[in-house]
Amino acid sequence: MTRYIFVTGGVVSSLGKGIASASLAAILEARGLKVTMLKLDPYINVDPGTMSPFQHGEVFVTHDGAETDLDLGHYERFIRTTMTQNNNFTTGRIYEHVLRKERRGDYLGATIQVIPHITDEIKRRIIKGAGDADVALVEIGGTVGDIESQPFLEAIRQLRFEVGAKRAMLMHLTLVPYIATAGETKTKPTQHSVKELRSIGLQPDVLVCRSDHPIDSSSRRKIAQFTNVEERAVIALEDADTIYKIPGILHAQGLDDFVVERFGLQCNSADLSEWDKVVDAKLNPEHEVTIAMVGKYMELLDAYKSLIEAMSHAGITNRTKVNLRYIDSEDIENQGTSLLEGADAILVPGGFGLRGVEGKITAVQYARENKVPYLGICLGMQVAVIEFARNVMGWKDANSTEFDRNSGHPVVGLITEWADATGAVETRTEASDLGGTMRLGAQDCQLAAGSKVHDCYGKDVITERHRHRYEVNNNLLPQLVDAGLVVSGRSEDGALVEVVESKDHPWFVACQFHPEFTSTPRDGHPLFSGFVKAALAQKNKA
């Protein structure tokens, strides 16, 4: 039977519930347990797919094509379990489902209320998402006291009571601030946060106390006394120089032992040697490169969370410190390519909308003409094709129909039809809804032998995740290829261009898929690893 660890946060947001939860999950997995994780988001959007990257950050795409919270990316980077659409749901998704059932008459005329109908649906989805895991960690988004979180907190209160104390526990993250003028940490915010939880019927079993200063034993003892939590279950989690230290920090304080004993689980001791190797490679690099990352959401780097982590993983794999130089593509439009000078490689990630696109195209041209290693992802591939059409073929009006529907040479256009993962044919028009209408999830891709991308992966067929509506226009593709554009990857049926490369360039690869979603600190990713190797070669050449 599945055991549940419910994870909540108090005092302030952005305490790192996702990292702490994933780190505990990693330790339990290292003890031989089957672990999964869920994220419950209180916002009313059905999913984050149409939310602004400036507000929400990255949309993480699962293998089965769900657009989810970026915390699921942390989950997959810390544990081996692959997340699905069942591992993340929102208030909007819950209400949408309940209202659809009400319209069908499934409730037989009953008055639909938050309790029991909404809370029952939340509990049903938690149980479904947990599946047959030994332990399921369920993270509740937001902060205790928020009105939006109340149905979720009530649902976990009920579920905790229904399955019993031997199968459910509550881990609460709080902030223990350091007051510089007093020269000490303060426990009062934690006490009040727990008081808020207890007022709605939830007593924490574990407190993870976040701080930027050490929390001494007397403070932990005081917190335990005022919150009715065992002293050994009051965990001090100070800021770390890398998040991949967190599993070791939690293990050193015995958190996994406490969980295993509480649940009565029989399992091995934790083997964290893989994480020790990751931390060692991260903190003791032998080389260093600088990569210019040209994007349009630089005001909130969480919009590129998986990509930034993937570059870190590539550095770990190559024992190389990867310095990312974040450049807003609009700054290139205004200030020119001097911003790119001195970079060992150039990375152009995905994005939507016209703003900043010309700056990305300029960055591609700089990389191609100056033989600087280039990696383009999603839109980064599309702008590479546009740049090639404009500056190699002379089609000065070349563009994507996303930016100019009247372009004389629409080298990138809307995908009007494709088969989804089930084989069903989906169609789209410019008037289609934005939500849930993209080519999403894992798709097979055939790689051309002898290509740079084939050298990276070392295989003929790969599977990568997608999130896009636009593709290279097949009607103009033959002319692009005749002019020297290398198509080194295609969809399984050969209908869609997945990877392009540039002839006579040391390393120029642009892909339509998002390889960052499958990169992990322990395994890295072959494409990013190859990119960093190319950057090292460029630096050594200079």
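Backbone N, Cα and C define each Cβ position, glycine as well.
Per Swiss-Prot, the feature region 'Amidoligase domain' maps to 1-265.
The Cβ of Gln191 (UTP binding site) has 16 other Cβ atoms within 10 Å, all protein chains considered. Sequence annotations record features per position, and here Swiss-Prot assigns UTP binding site to Ser13, Lys186, Thr187, Lys188, Pro189, Thr190, Gln191, Lys222 based on sequence analysis.
Secondary structure from DSSP puts Lys188 (UTP binding site) in a helix. Taken from Swiss-Prot, the feature CTP binding site covers Ser13, Asp146, Ile147, Glu148, Lys186, Thr187, Lys188, Pro189, Thr190, Gln191, Lys222, and the record attributes it to sequence analysis.
Listed in sequence order, Lys39, Leu70, Asp71, His74, Tyr75, Glu139 are the same-chain residues six or more apart from Gly18 (ATP binding site) with CB atoms under 8 A from its CB. According to Swiss-Prot, the ATP binding site annotation covers Ser14, Leu15, Gly16, Lys17, Gly18, Ile19, Asp71.
The annotation Mg(2+) binding site is assigned in Swiss-Prot to Asp71, Glu139 on the grounds of sequence analysis. According to DSSP, Asp71 (ATP binding site) is assigned to a helical segment.
The annotation domain 'Glutamine amidotransferase type-1' is assigned in Swiss-Prot to 290-541 on the grounds of sequence analysis.
Other C-beta atoms found within 10 angstroms of the C-beta of Gln382 (L-glutamine binding site) number 31, with every protein chain shown included. Among the features that Swiss-Prot reports, L-glutamine binding site is placed at Gly351, Leu379, Gly380, Met381, Gln382, Glu402, Arg469.
Feature annotation from Swiss-Prot assigns active site, nucleophile to Cys378; the stated evidence is sequence analysis. Just so you know, the Cβ of Cys378 (active site, nucleophile) picks up 22 other Cβ atoms within 10 Å once every protein chain is counted. The DSSP secondary structure for Cys378 (active site, nucleophile) is coil.
DSSP assigns His514 (active site) to coil in the three-state reduction, outside any helix or strand. Sequence-distant neighbours of His514 (active site) (same chain, 6+ residues apart, CB-CB distance under 8 A): Val61, Ser306, Gly350, Ile377, Cys378, Glu464, Arg465, His466, Arg467. The active site feature in Swiss-Prot is assigned to His514 (among others); the stated evidence is sequence analysis.
Less than 8 angstroms from the CB of Glu516 (active site) sit Ser306, Leu307, Glu309, Ala310, Ile377, His525, Phe528, each of them six or more residues away in the same chain. Residues or ranges marked as active site in Swiss-Prot: Glu516 (among others).
Looking only at the binding-site residues Ile147, Thr190, Gly351, Leu379, Arg469, the one with its C-alpha closest to Gly16 (ATP binding site) is Thr190. In the three-state DSSP scheme, Lys17 (ATP binding site) falls into the helix class. Taking a C-beta cut-off of under 8 angstroms and a sequence separation of 6 or more, Thr190 (UTP binding site) has the following same-chain neighbours: Gly10, Val11, Thr174, Leu175, Val176, Leu207, Cys209, Ile223, Thr227. Take the mean position of the Cβ atoms of Ser14, Leu15, Gly16, Lys17, Gly18, Ile19, Asp71, the recorded ATP site; other residues of that chain with a Cβ within 8 Å of it are Gly9, Ala20, Ser21, His74, Glu139, Leu173. Gly351 (L-glutamine binding site) has its Cα within 10 Å of the Cα of none of the binding-site residues Ser13, Lys17, Ile147, Lys186.
When the Cα of Met381 (L-glutamine binding site) is compared against those of the binding-site residues Ser13, Ile147, Lys188, Lys222, the shortest separation belongs to Ser13.
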